[in-house]
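Can you read through this structure? Questions will come right after.
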Amino acid sequence: MDFILGGVAACGACFFTNPLEVVKTRMQLQGELKSRGTYQVYYRNVFHAFYTIGKIDGLAGLQKGLVPGLVYQFFMNGVRLGSYALTESLGYIHTDGRVSATKSTVSGAIAGVVGAVMGSPIYLVKTHLQSQSTSSIAVGHQYKHRGMTNALFAIHKQHGILGLWRGASAAIPRVSVGSAAQLATFSASKEMVNDLQVFSEGSWLIALSAGMISSVVVVLAMTPFDVVSTRLYNQPVDHLGKGMLYRGFVDCFSKTLKKEGMTGLYKGLGASYFRLGPHTILSLLFWNELRCLHQSYS
C-alpha cells in the first residue's frame with residue numbers, strides 16, 4: 001500500500017507543477033554549450049518563459065508532457081517513497097528512537113536509484129515532449145513525437161530496448177542525490193518541528209513545514225544533476241543511438257562547466273525552485289497525510 005500512496009501523492013503534486021517543469025526544461029536547454037552573450041535568449045526568466053510559452057505555444061503548451069509526467073511520478077515516486085516508507089516502518093532509519101542522518105540519507109539514495117532506473121524511459125519521453133515547441137522559440141534538439149505512446153514506439157523501433165534507457169546514467173545520480181536530500185531532511189525536519197511543539201501533534205502543518213525546509217535543500221543539491229540529466233535525455237543521437245553531443249554524465253558535466261561556467265550547471269535555478277519547491281512540498285505533504293489516513297483506517 002505504501003507504494004500506491006507514494007505514487008498517488010506524487011501524481012497530485014505533478015498535476016499542479018507540470019507547467020513549471022516545462023519552463024524549467026526550456027530554460028535548462030537554452031544556450032546549450034554556448035557562452036553567455038553568444039545565443040538568442042527566448043526565455044529571460046521564469047515569468048517571461050511562462051508568458052512566452054503561453055503566447056506562442058498556447059496554454060496547452062504549458063502542460064506538455066503531462067501524461068508521461070503523471071506516469072513517471074506514479075511509478076518512480078511510488079517505488080521511491082514506498083521503499084523509503086518500508087525501511088522507515090522497519091525502524092532502519094532510526095537510532096535510539098531518533099532519525100539517523102546517515103541511515104536516512106543512505107535509504108533515500110537507494111530508494112532513489114531503484115525509482116530512477118524504473119522510471120527512466122518515461123522521463124526520456126517526457127523531456128522530449130516538453131522541449132518540443134514552435135520553431136520561433138525552440139531550444140535544444142527538437143523531436144517530433146505525437147505523444148507518449150508514439151514516442152516510446154519510435155524510440156524502441158530505432159534504437160531497441162536499450163534506447164529507452166538512454167540517459168539513465170544521469171537519472172541515477174540525479175534522483176539518488178535528490179532523494180537522499182529530500183527524504184533525509186524531511187524526516188529530520190519533521191522530528192525537529194515536532195520537538196519544538198510549534199504545532200499540535202499530528203497536525204498537517206508539521207509535514208508542510210518539513211516539506212518547505214526539504215525543498216530548499218533539494219533544489220540546491222539537485223539542480224546541477226537536473227541540468228545534465230535534461231541535456232543528456234534531449235540530445236540528438238546517431239543511427240546507433242549514441243549521443244551526438246555528450247558521451248555520458250561526466251562528459252556532459254565537464255563540457256557544460258567548461259563552456260558555460262558554474263552558472264551553466266545552475267541554469268534555470270529560479271525555475272527549478274518554482275517547480276521542485278512546490279512539488280517537494282506538495283508530494284511530501286500529500287504522502288504524509290495519505291499515510292496517516294491509511295493508518296487511521298487500518
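Glycine is no exception: its Cβ is also placed from the backbone N, Cα and C atoms.
The shown structure was predicted, so the numbers you read here are calculated from the model rather than taken from an experiment.
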I'm validating the feature mapping. Which of 91-118, 231-258 is tagged transmembrane segment in Swiss-Prot?
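Of 91-118, 231-258, Swiss-Prot gives transmembrane segment for 91-118.
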Which stretch, out of 3-23, 276-296, is listed as transmembrane segment by Swiss-Prot?
276-296
Are there residues at least six beyond either end of the transmembrane segment (276-296) with Cβ under 8 Å to its Cβ atoms? List them, or say none.
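Sequence-distant neighbours of the transmembrane segment (276-296): 1-2, 5-6, 8-10, 12-14, 16-17, 20, 73, 77, 81, 85, 182, 186, 190, 202, 204, 207-208, 210-212, 214-216, 218-219, 222, 226.
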What residues in the same chain, six or more past the boundaries of the transmembrane segment (38-58), come closer than 8 Å to it by Cβ-Cβ distance?
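Tertiary neighbours of the transmembrane segment (38-58) are 19-20, 22-23, 26-27, 30-31, 64, 133-134, 136-137, 139, 270-271, 274.
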